[in-house]
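**Q** Questions regarding the structure given below will be posed in turn.
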Amino acid sequence: MAKDIKFSEEARRSMLRGVDTLANAVKVTLGPKGRNVVLEKKFGSPLITNDGVTIAKEIELEDAFENMGAKLVAEVASKTNDVAGDGTTTATVLAQAMIREGLKNVTAGANPMGLRKGIEKAVTAAIEELKTISKPIEGKSSIAQVAAISAADEEVGQLIAEAMERVGNDGVITLEESKGFTTELDVVEGMQFDRGYASPYMITDSDKMEAVLDNPYILITDKKISNIQEILPVLEQVVQQGKPLLIIAEDVEGEALATLVVNKLRGTFNVVAVKAPGFGDRRKAMLEDIAILTGGEVITEELGRDLKSATVESLGRAGKVVVTKENTTVVEGIGNTEQIAARIGQIRAQLEETTSEFDREKLQERLAKLAGGVAVIKVGAATETELKERKLRIEDALNSTRAAVEEGIVAGGGTSLMNVYTKVASIVAEGDEATGINIVLRALEEPVRQIAINAGLEGSVVVERLKGEKVGVGFNAATGEWVNMLESGIVDPAKVTRSALQNAASVAAMFLTTEAVVADKPEPNAPAMPDMGGMGMGGMGGMM
């Protein structure tokens with residue numbers, strides 16, 4: 001296929017049009033008085049959202065060069081979303097400002113490589129200063145503030161704060177669509193995995209269709225149990241102790257399952273068998289997690305152990321186990337706290353190393369199960385359109401809160417970017433490097449300016465006044481007042497602000513150093529089919 005090539009000024013101008021189109025659509029959502037954007041969906045109702053990355057991903061432009069510019073900025077939003085989970089609109093606004101200012105200077109004859117150096121120096125200094133002024137997040141109220149600002153909803157802030165308090169900062173918090181109108185929190189404490197009882201005859205509560213075991217022993221193995229003789233020695237020891245037993249194995253079938261069910265029905269002893277969770281290497285890791293949590297051992301041939309040699313000492317213990325048709329929940333495992341902490345550390349290390357999104361998700365789940373539990377926020381709304389929009393906002397708020405726990409908080413409303421202004425302005429540089437620093441300085445003003453514009457005010461007036469205010473004092477666009485942002489609970493996670501600035505600068509620097517752009521030439525329209533006049537009904541008279 002033939003290619004279309006544009007060079008230097010013409011190439012950058014074409015791409016800038018795409019950058020502006022996308023950024024102008026995204027930036028109307030910034031701040032407490034930001035508007036929504038409606039996205040057409042091929043099927044179902046349109047999606048109404050104020051989430052920057054969702055809007056950016058939907059935009060496709062007809063002109064190939066403009067589309068490349070738009071896609072570059074969409075990449076800024078997407079990367080910021082991947083790293084911090086929020087701040088995508090801020091990242092887009094920063095990228096647009098840096099690209100526009102940079103292009104003015106390149107057109108005026110500045111060397112793009114010098115500008116790039118200056119931009120990188122300025123951003124490094126800004127990030128160092130952000131780290132200095134960030135404050136660690138403390139207590140439930142701070143978490144609620146971060147979440148409420150991100151979701152623009154205080155009720156959501158309280159829900160997320162409560163969820164994090166219940167399951168810990170490492171706990172898994174998932175979102176589900178509720179059948180009702182209200183948004184609720186449901187917490188599953190302890191370790192839960194998605195395997196239910198091997199036979200419905202093992203239930204202890206026929207109303208709820210679940211088996212509840214109090215202070216049970218837990219036999220953990222990666223083997224298939226089909227012969228009762230294999231586990232008879234350990235069964236006899238458990239019966240003597242007068243305690244119930246949970247068996248977690250690859251499978252329990254045939255004669256072994258039948259014998260267990262018969263003894264359960266006769267009331268000889270209380271036993272429930274479930275299949276081991278996961279598959280392959282992940283199954284081994286999860287069984288090991290359960291063993292560490294309950295203070296037991298995994299009976300596996302890899303360690304030279306067989307089921308006949310198992311004793312009650314090698315079994316795990318827990319305060320309570322609840323088994324339903326689909327899930328097993330182990331509560332209050334009596335494992336050694338030091339070993340559990342070591343295991344959590346090991347999983348954290350794996351989390352940092354992995355590049356796979358799927359592996360990261362699974363490791364996060366394992367970490368949460370060891371750390372304390374899973375919280376489910378059930379999102380409710382009156383219509384499907386509102387439900388989708390609300391779910392996206394809560395997802396952003398959740399990511400924002402996690403980022404705040406990791407790296408602390410800074411003043412919100414774009415104030416923190418203006419608070420690093422003096423530090424960046426003090427960098428000593430000459431020529432094009434100094435121009436690059438000025439490009440970043442101009443971009444640092446842009447989020448505050450846009451928040452003010454969206455609130456119906458004159459952006460430049462707000463920016464100029466903010467430059468003269470003390471660190472931490474900013475403009476509350478929701479009320480139109482000048483307040484101490486941290487004290488008023490208007491905060492942003494430092495990680496979100498840092499990621500937005502870093503990613504915007506990275507793409508802007510690449511954009512400015514672009515000298516040629518190559519795109520596919522649009523194909524000419526295929527000629528229309530020839531007229532088939534002779535095939536009309538009149539022309540087919542001879543066929544009658």
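Heads up, residue numbers simply count up from 1 along the chain you see.
Yeah, the Cβs are placed from backbone N, Cα and C, and that goes for glycine too.
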**Q** With Thr29, Leu30, Gly31, Pro32, Asp86, Gly87, Thr88, Thr89, Thr90, Gly413, Asn476, Ala477, Ala478 listed by Swiss-Prot as ATP-binding, which of these, Asp20, Asp492, is given for the same site?
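**A** Of the residues offered, the record points to Asp492.
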**Q** Determine the Cβ neighbour count for Asp86 (ATP binding site): the number of other Cβ atoms within 10 Å of its Cβ.
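**A** There are 32 such Cβ atoms around Asp86 (ATP binding site).
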**Q** Taking the Cβ of Thr88 (ATP binding site) as the reference point, list residues of the same chain whose Cβ is under 8 angstroms away and which are at least six residues distant in sequence.
**A** Val26, Asp51, Gly52, Val53, Ala56, Ala77, Ser78, Thr80, Asn81, Ala500
**Q** Provide the three-state secondary structure of Asn476 (ATP binding site) computed with DSSP.
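**A** Strand, per DSSP.
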**Q** Hey, of the binding-site residues listed (Thr29, Thr90, Asn476), which one tops the CB count within 10 A?
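**A** Buried the deepest by this measure is Thr90.
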**Q** List the residues of the same chain that sit at least 6 positions away from Ala478 (ATP binding site) in sequence and have their Cβ under 8 Å from its Cβ, in sequence order, or write 'none'.
**A** Pro32, Lys33, Ala455
**Q** For Gly31 (ATP binding site), what is the tally of other C-beta atoms lying within 10 angstroms of its C-beta?
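**A** Its Cβ has 26 other Cβ atoms within 10 Å.
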